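Features as listed in TrEMBL:
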type     : residues : note
DOMAIN   : 136-559  : domain 'Major facilitator superfamily (MFS) profile'
TRANSMEM : 134-152  : transmembrane segment
TRANSMEM : 172-190  : transmembrane segment
TRANSMEM : 202-220  : transmembrane segment
TRANSMEM : 226-248  : transmembrane segment
TRANSMEM : 260-281  : transmembrane segment
TRANSMEM : 287-306  : transmembrane segment
TRANSMEM : 368-390  : transmembrane segment
TRANSMEM : 402-426  : transmembrane segment
TRANSMEM : 433-455  : transmembrane segment
TRANSMEM : 467-491  : transmembrane segment
TRANSMEM : 526-555  : transmembrane segment
Amino acid sequence: MFDSQSESIGESTYYLQRGDSMQIPPQTWITRLQIWKKTRNERHQLLRKYAQPSISASTTATNLSEYQSNTTLFKNRMATLQENLRLSQPEIEPLNAKEKETAIQLSIDKEEPTKSTWESLSGMQKLRRTSRQLVTALVVAWMSMVIGYTSAYTSPADFSLRRDFKIGENEMSWVGGLLPLGAVLGGLLGGPSIENIGRKSTLLLSDVFFLVALAVNYFARDYYYLYISRALVGVGVGFASLTFPVYLGETIQPEVRGTLGLLPTTLGNIGILLCFLLGNLLEWRELAGIAMLLTIPFLVIFVWIIPETPRYYVSKDKLEQCRQSLEWLRGKKQDITKEFDELVRSQKEQALKNEGIKDLFTKANMRPLLICLSLMFFQQFSGINAVIFYTTTIFRGSGSTLPPLLCTTIVGVVNMLSTFIANALIDRLGRKILLYISSGSMAVCLGSLGLYYYVKDIMKLDVTQFGFVPLASLIVFALGFSLGFGPIPWLMMGEILPAKIRGPAASLATAFNWTSTFVITKTFPIMIATLGFCVTFWFYGVMVVLAGIFTVIFVPETRGRSLEDIEKLLSGQKTRRMSSVANLKPLPSTF
């Protein structure tokens, strides 16, 4: 039944697969049958254990047919699925592309926010954004330092001028009084100048006036040279004092316009103090020579750094130069499109109005003009120039135990330092708050000073133990003035006057200011002689109280507002207060 050789081989293979080392049992037929059955069973177990994907030899034709039908069905299903994918591909691709764009946009928005508010910026970011505006303000403030120095010139040079030119009280009064009179003329001419030749060119022209005037002073042979020199200095002061607020108001963004706009006042007080300090060491000719040297940097270097204002360019329809000036001032990384479009739109609206000098007194323009003139009036009728020019006389008549020259120097230092405080506060507290503080502090000081002189001169009482009152009162008076009514009227002149009449209106306001200065300076000695110190100081105290009331009722708050919004506000239009930087969107990087 079985071939003996094959059986023997199969049996041996079985035991070898099992790894048995035992000998092969005797090959009887019973034993062989048992071995065959066992081998067949174990092979079936191996099949069940490993489940190899093969077709058994015992598979029937029916099973093969069923397997083939299942395979065909699977292939048909796969073909249908591929067909569906092919048909849906045009719809899936746009969805995938849209998802990719959304992911990219979300990534960009996460890395670069589209909007950044001024308050969210760090101090270093604010400095970087306004660095060029700071340079511009410092260049303009350098001219203000020249003004402060030349304005204070006659005080330290008084003794040497009287000695060398043999001049008396009358001639010396004209040497001092010709400056404000010349400033009236310069203020009247400055308005047409900034409109016709530009703000920057007007600053250059005023520096030329200073240089010529100081050269005449340096080579003076008699007091007529001094008359010509002081008159020319006054014209330059009128040009510059009108141009400073207009130029800075049109170039500096609202968030820092207050701080940077006060830099001319700060450096002007530094110029005054510098002249006083050098006056202790030098005489009139050397003082004039140093003033000449101070004018040269602006003439040779500084004037070529700063640009003309964007508003002047747009008023002359020079749009490309306007854009370039705006880009320089704001920085190339800032988007100036909105600000540029607002300038162009505002200019078109102003052109349609066709306003001129005759329109200064129209109903729409009267409100900002009267506010500006009133602030100038209260600034001078606070008595500041009378107090500063006659500080030594005041201390000499007060009976104070401190030397008058030392008291004068202390007041000058406080006057200078207080402007730094104003720089730090004006864009935080606002214009009106500082005007309130200014008027209140000056009223208290002038009232106290008047009371001191009333007790001393009218009641004839001993005030030796209160000898500190004049110095303390004048220190606080100078501090209060420099915080508010000193710089803010000039700053607001560049903010509240409408663009179309800004030139002639600023010219009128500047001339009015210097006329008031001349009146106060000339009338103070007369008031002292006829009314006495107490009534004179009380009169100035009443003026600053009225100034505070006027501020509460009529003066608008301009902190953080663009010039266009301020103009709309004063004309009665509703505006929304918005930071000019809040909508600045960083330009995409070119790298």
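Note: Cβ is positioned from N, Cα and C throughout, glycine not excepted.
Taking pairs at least six residues apart, the transmembrane segment (368-390) and the transmembrane segment (467-491) share three or more Cβ pairs below 8 Å and count as touching. The transmembrane segment (172-190) and the transmembrane segment (226-248) are in contact, since at least 3 Cβ pairs between them lie under 8 Å (pairs 6 or more apart in sequence). Ranking 134-152, 202-220, 260-281, 433-455 by CB pairs under 8 A with the transmembrane segment (467-491) puts 433-455 at the top. Note: the stretches the transmembrane segment (134-152) and the transmembrane segment (402-426) are not in contact (fewer than 3 CB pairs below 8 A, sequence gap of 6 or more). In terms of C-beta pairs under 8 Å, the stretch of 202-220, 226-248, 402-426, 526-555 lying closest in packing to the transmembrane segment (287-306) is 202-220.
Note on the transmembrane segment (402-426): residues 258-259, 261-263, 265-266, 269-270, 272-273, 276, 388, 391-392, 395-396, 434, 467, 470-471, 474-475, 478-479, 481-484, 486-488, 491, 559 of its chain, located 6 or more positions outside it, place their CB under 8 angstroms from a CB of the stretch. Residues belonging to the domain 'Major facilitator superfamily (MFS) profile' (136-559) score a mean pLDDT of 87 in the model.
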